[in-house]
Every structure is written in structure tokens, then in C-alpha cells.
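Annotated ATP binding site per Swiss-Prot: I201, G202, K203, G204, E205, F206, G207, D208, V209, K222, in sequence order, evidence recorded as sequence analysis. Taken from Swiss-Prot, the feature domain 'SH3' applies to 9-70, supported by sequence analysis. Annotated domain 'Protein kinase' per Swiss-Prot: 195-445, in sequence order, evidence recorded as sequence analysis. Residues annotated as N-acetylserine in Swiss-Prot: S2. Positions annotated as phosphotyrosine by Swiss-Prot: Y184, Y304, Y416. Per Swiss-Prot, the feature phosphoserine maps to S364; the stated evidence is similarity to another entry.
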Amino acid sequence: MSAIQASWPSGTECIAKYNFHGTAEQDLPFCKGDVLTIVAVTKDPNWYKAKNKVGREGIIPANYVQKREGVKAGTKLSLMPWFHGKITREQAERLLYPPETGLFLVRESTNYPGDYTLCVSCEGKVEHYRIMYHASKLSIDEEVYFENLMQLVEHYTTDADGLCTRLIKPKVMEGTVAAQDEFYRSGWALNMKELKLLQTIGKGEFGDVMLGDYRGNKVAVKCIKNDATAQAFLAEASVMTQLRHSNLVQLLGVIVEEKGGLYIVTEYMAKGSLVDYLRSRGRSVLGGDCLLKFSLDVCEAMEYLEGNNFVHRDLAARNVLVSEDNVAKVSDFGLTKEASSTQDTGKLPVKWTAPEALREKKFSTKSDVWSFGILLWEIYSFGRVPYPRIPLKDVVPRVEKGYKMDAPDGCPPAVYDVMKNCWHLDAATRPTFLQLREQLEHIRTHELHL
């Protein structure tokens, strides 16, 4: 560690670059890939006191570990940094200048819409190979077929197989970063050889969620095979690298396969989604203490997002998971963005989304607060669908006229007051998550929830 590097503060996460067996009793041995947490700086800047995942503490060498960083906001990650989209043949040739044998890019075909073109620099000139798209497969020679562009590029990187040269160096599209490189650089890349996929625990339109084993620990793995979908999920994974809180589902790492698969590995939440947990147990099992604790768990996660200028945009009981020891954690960061950005409202869940977000695409912490009020209603109704007996098309017009749902059966009046505060039509008059947490803690302290 050089003298100019600032020391890492307590709580910094590091990932081991090499094995360290330790030579003295106070050393903390570790294996390559282990995640360690800095406890304190020592007198010697080349060594830190750290602890491992089971809480054992000891001294570690700074040059054997790499600090884990969040992927920088605004970084445009790409699984296909060599893909340049709609550019012409002439533009491709300019991009591959000066000539360098094996330099390549892929573009959309101008002559054959729906097909692609592989452009390769070879001995001073550029060759253009049509990539035909037929029956959901891609091929250059109609002999070898590929599922996606990444598989095709990987194949011709290892073997020219009829091309003028094998593919050696990608011409990266300006402004993009290869996802694999960025996750590796920031300390979030995991090793596929150490991941065992055990069984499917959920299916989504994007792919499967599987129970896995990573280095002896149970993990949940989102497996995304389709390259376009995987590209969208990169945004979710990069948001998760920036967030750390005991009530947010924790990202453990990312695996990007050269063939196009993307695996997002997170902590395993044994008891599934909060909505299913509530529905399957009900009033006879879950008392007022338990419901208020879940409400506070979610509120603390949202207060953390609020403080870090992130808006979740899809807060609902289906997107909250429950751990083995009954801790509720917010998940599903697919729509989470920095507070300033806007988004298409095509797929938003109407019953959970604030009126101004549906009407004007205005998302803010205050629109998350509205959703939190709906989530509280879900908790206290034991997982009922909001706005019962109101047709979906009538929900927004009624809400915009000031309609608020009645309190769920048995809901304490103090908790119902909190819900109603979240549902002010004027976003500015809704409370912050900090204020909501204080209100819920007041309810707990004064036993107003029983």
C-alpha cells in the first residue's frame, strides 16, 4: 500500500485477491474471494485489523485485498460493448481505422433489417459479414448457429472458422464500459466454478430465481439468459453495489458469462415474499408486535434509500422478502434510480403508485411514501390486494377525487393515521421516511399497536 493512499475506514468491505495463510497468531487467514470487513487501521499502514463473515478478527495485509466499491452512478455498463447499433457501413469503417488485424464491431444490418453485420479489420481493409437471424438463431455461414450475439462473438474469438481472421480486439462503443471489467474492477465479480445451482425457487419473465450454494453458503441466484434482458438487469445489479443496509436484500456479487448469461447472486431469504408470508399465516399466528416490526423494517430501509437519494419506484409487499429470523428486507431494485431520473410509466402497478407518478411521471421519495402507505395496508390486512371491490379502471379517478381505503379489520387507529398521512394528494405534505419511522417508533413505545 503506497503512502499516498488514504486509509480505509472501519466498515469498509474488501475482497481477497489471493490466499493468506497467516504467519503469526494475530493474523486472520483467508482464501481468495473471501469478503472481509475492515475493523481498524493499525500503526503500520500496510496492515489492517479485519473480520471475516463469521466474526473472527485478526490482522490482514492490505496488498492481498481489494476494496469493494459501488459501480459509479451513470456508468453505462454493457454486456456487448462492441455492439454499435444503427450505424452505416461507412461509419463502421471509420471506427475501425487505423487498421489493426482482428479489431471488430457488430452493427445492425442496413440492407437486411432484423439481421446484423460483423465488421472486422483484416490486413488493411474491413470485411463485413452478414449475421442472419433465422428461427430465433444467429449464423454467418448457415452451418454454425448461435443463441445470441455474445455466443457468436465468443466462438469467433477462439477460432476464425472461415472468417479472414479470428476476432482479437473489440472496438468499444464510446461511453460504454464492459460489464465484466467493471464488476471485476469494483470487486463484485464472483467465480462461476464456486457457484452450485440447486433448485428453482421462482420463475419470472426474465428467467429463473434459483437456490444456490456459493462457497458453502445458501444464496439466491437470478439467472438471466436472454442478452437484451440481461442488459436491463445490469442496471439493477449496479444499483445494488451502491447500497448496504440490514433491511435491504444484500448483493453478494455478479457473474457475467462470455456466452451471455448473467447471474445476480444475493443473500437467500428463506421465508419468501412478505405478501405470501402474511397470507399463509394470518391473524391467528401474527400479532401486533410482529406486524409493527415488519412495518419498521421496511421503513428503515426506505429511510436509508431516502438519505442516499434513491427512489425505489416499486415498493409493495411482493417486493419485500423475509429472512429465516423474520427480518423483512426490501428487494427488487429493477426500477430503482437516482432521484433525479424519470421513467416510462407503461408497466407501473397502478394500485401502489402515487397519482402524480402515474399522471406526470414524477417520481420522488414522496411517491415511495405513498407506496409505503399501501404496503402498510397490505401488512395490516394480512396480504389482501389493495382497493378491494373497486375495478382497476376506477381506482385512479376515485383516488384523484380524494378517496382513501378504509382501515383493515383490526388495524390500530394510530397505524391507520400513518397510512392516511402517506396518501395526501399533495406530495409535499406527505411525511418523510425519517418522520414515518419516528411515528412508528412512537406507536411501539406507547403500545398503540396492540
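Note that Cβ sites are derived from N, Cα and C of the backbone, with glycine treated the same way.
All chains included, 17 other C-beta atoms sit within 10 angstroms of the C-beta of V209 (ATP binding site). Rounded to a whole number, the C-alpha distance linking I201 (ATP binding site) with Y416 (phosphotyrosine) is 34 angstrom. Under the DSSP three-state reduction, Y304 (phosphotyrosine) is assigned to helix. Y416 (phosphotyrosine) and K203 (ATP binding site) are 34 Å apart (CA-CA, integer value). Scoring each of the recorded positions (I201, G207, Y304) by how many neighbouring Cβ atoms lie within 10 Å, the top position goes to G207. Assigned with DSSP, the residues of the domain 'SH3' (9-70) fall into helix, strand and coil as follows: 3 helix, 27 strand, 32 coil. Neighbour counts of Cβ atoms within 10 Å were taken for the modified residues Y184, Y416; the minimum is at Y184. Here the recorded positions are K203, S364, and the one ringed by the most other CB atoms within 10 angstroms is S364. Separating the Cα atoms of G207 (ATP binding site) and Y184 (phosphotyrosine) is a whole-number distance of 24 Å.
Recorded residues Y184 (phosphotyrosine) and V209 (ATP binding site) have their alpha carbons 23 Å apart, per Cα-Cα distance.
Classification of V209 (ATP binding site) by DSSP places it within a strand. Distance from the CA of the residue listed as 'phosphoserine' to the CA of Y416 (phosphotyrosine) is 23 Å.
Rounded to a whole number, the C-alpha distance linking the residue listed as 'phosphoserine' with V209 (ATP binding site) is 29 angstrom. Taking only the Cα positions, the spacing between V209 (ATP binding site) and Y304 (phosphotyrosine) is 26 angstrom. When pLDDT values are averaged over the domain 'Protein kinase' (195-445), the model yields 92.
Secondary structure at Y416 (phosphotyrosine), as computed by DSSP, is helix.
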